[in-house]
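Q: According to TrEMBL, the protein carries these features:
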DOMAIN    371-411  domain 'EGF-like'
DISULFID  Cys401-Cys410  disulfide bond
TRANSMEM  415-436  transmembrane segment
TRANSMEM  479-504  transmembrane segment
TRANSMEM  533-553  transmembrane segment
Amino acid sequence: MQSNGDQYVIKIEAPPAGGWYAIAFRSWTDPDTGKIRQQGLSASCETVLDTEMFVETPATLSLVDLEFEHEVQLDEASDTTIVQYLVPDVGLAKVNLTLKSSCGEDCEIAVHVTAEDNLADDLLNSTTSVLPFKPYAGGFHYVTLRLLTGNASNVTMRLPTNRRTNADDQVTSVVLLRKSFPEFFLFDYEHLRGNDTKPQPFNVTADALSVLSFEIGRVYDVGGTVTLGFKLVDVEEKYKKSIVLVACVSLGYYSNITSGGACVRAHAVTTADVYVNATEPAYVHVPFPETGTWYVSLRVYCPEEEEATTMTTTMATTTTTTTTSNSNSSSNRGTSSACSCARSCLRGDIACDKCDCLPRCTVAQVESIVSSSPCIEGRCGVRGKCMHYMSGGFVFSACYCTGGYRGFDCADATYVLNSGGILLQLLALTFSNLAFLGSIYVAIRREYFTEAVAYAAVMFFSTFYHACEAGEDVYGVCIMRLNVLQFCDFFNALLAIWVTLVAMASFGPRLTAFCQVAGAIVLAMGAEMDRTALWVFLLPAVTGSALIGLSWGRRCRRKRTIKYPSRPYR
């Protein structure tokens, strides 16, 4: 959107039920490439956003039993309707919404299926249509029908939810218990057995999909980062180089995992979220998680020895890929040629919908970590600190980065200067203030002692202000708080301008002292109100110049000459 006064409209068809948020922000620009402009002399970059929201409610809303067909009538007067279904947990199966329209090809009807997200969309312009979708587990689903063209239509719909009984649909639920802490965003989900107080590993078998689930509540749970970690334990020696755990994380439903180790999402097949080998655990972070029930699907694969050697090396090094070949592959069924898809599938290079030669492990023990904390495990690396913020009644955590670092965890060093650049910038800003030594010397030599004190104060506070601010927390020297140094720097700079112009006016000792004290009081107030504003600098400059003009005018009138009075300043 451009800030040119134009009106922009964002229209959302069939929005999912729940809380909606609109976030507006100005596009980021690199401060190193921008021009330094005095405030008040250039266009202001303030943007005012005026928003309005209109909600169009449907003509009818019906709660329907899954066991029966339901018929709705759409016409020009009542062109929109919503049908609500409570769909039970159907496992890994998809359900098919059957639609029958009486107008056939003579009209067009937009169909939207939503739960906590948009699940499916279709344009009905035939007598019969079937719309498959992956439902959320045990939640309300909404079918929105909107008549786009045509006069009227009767639409009959049915949503059967028979659970499939294939071997691929076998699911083993892993129970997690929540442990909450008094601080914001701190909670854990642990797998406990019996009266155990410490988390215990659980088994992942070949014939079933292991599923973990945990709840994210409103307000208090969404402002941090959820960390999911998995570790393979007690792995048999013969599988240590080959075993790979695959995990898929999803909200509202649990994803099936294909024979190639890919995740079956609601709309597509993607690579897995986590790949774990026997060498070390693996983690995935979910910042600001949405509310609802989250699911983690797990499967463990045991590719053949020679195939897995390459995969394990690749996963451990991350940055290099080692590929080995064996000319005698025909004599060994466990070579890379026997299952060439295993390498690319379990590295996450591609989403493998099918890899039948990739075997699953009979059983493996897995330790899980499901925890929430501010920022990234309560930290922001060595170049940031974790802060809590409140906006619009919501509390959230975020990293405050220092030293030019950026990013969610202060790890982006794109705009970070090296140590030499920081030191050069610091020395240039601080040593430039030594130019005031000449002004101090001239003022003392001509017995302008008040002015000399003002120049010395400017040099002192400006030097230490830049020494504290420009060092990027690497070479910084702060003798007091930064805001105090900034005030003293700007105030003494304004005061130096003022006392210099008052001295040039040559009013005499009494009137000069009065102007100096009165000006110091006014300038202190201005520096505290807005020390970078243009009017703060124009006030002493214009007023002092007016005093000089008044003084010189009186002197010229008295001496009847307009000669420049240079002698008093020698």
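Keep in mind that glycine also has a Cβ here, set from the backbone N, Cα and C atoms.
Note: TrEMBL annotation is automatic and uncurated.
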Q: Report the member of Cys401, Cys410 (the disulfide-bonded residues) whose C-beta atom has the most other C-beta atoms within 10 angstroms.
A: Cys410
Q: What does the DSSP secondary structure composition of the domain 'EGF-like' (371-411) look like, as residue counts for helix, strand and coil?
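A: The composition, in the requested order, is 0 helix, 24 strand, 17 coil.
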Q: Can you give me the average pLDDT across the domain 'EGF-like' (371-411), rounded to a whole number?
A: 87
